Amino acid sequence: MQEVTIYSDGACKGNPGPGGWGAVLVAGGHEKELFGGESPTTNNRMELMAVIEALRALKRPCIVNIYTDSQYVQKGISEWIHGWKARGWKTADKKPVKNADLWQALDEAQKPHQITWHWVRGHNGHPGNERADALANRGVASINT
């Protein structure tokens, strides 16, 4: 299987407000940049969209390393989702899971791949995540024009 590295980020001007997502995919010396935007939305929805759209861009099953500065995404997909699914998309205190539509989409998008999730501190000079951040901000700008 091909190895792919994904750097993802989301941005929101106001929360909720206009938002954008960005992702950089790196594989075999090739790079692809993706971005988009929505309004109104939240930063967490944009963080999720970045990863979902990056995974949807992969044409075949891959070994994937995903770098995100969102602990919400990293912990949600690695730890919390198992309980949510077991409880019918409810939290431990029986409330509906926020952004369940996107968590379900991410759960589906990750299925064909072998994924390792990595959390990186945001705005800390990590080149891949800085690029993803710039793309997310382009996503915000794309809906403000």
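Note that Cβ sites are derived from N, Cα and C of the backbone, with glycine treated the same way.
For 1-141, the entry in Swiss-Prot reads domain 'RNase H type-1', with the evidence type sequence analysis.
Taken from Swiss-Prot, the feature Mg(2+) 1 binding site applies to D9, E47, D69, supported by sequence analysis. Residues within less than 8 Å, Cβ to Cβ, of D9 (Mg(2+) 1 binding site) and separated from it by at least 6 positions along the same chain comprise W21, G22, A23, E47, A50, T68, D69, S70, G122, N129, A132, D133, L135, A136.
Annotation comment: Swiss-Prot describes D9, D133 as Mg(2+) 2 binding site, evidence class sequence analysis.
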Residue, out of the binding-site residues E47, D69, D133, whose Cβ gathers the largest set of other Cβ atoms within 10 Å:
E47
Could you give the number of helix, strand and coil residues in the domain 'RNase H type-1' (1-141) as assigned by DSSP?
56 helix, 49 strand, 36 coil
Quick check: which same-chain residues outside D9, E47, D69 lie with their CB within 8 A of the centre of the Mg(2+) 1 site CB atoms?
S8, G10, M46, A50, T68, S70, V73, G122, N129, A132, D133, A136
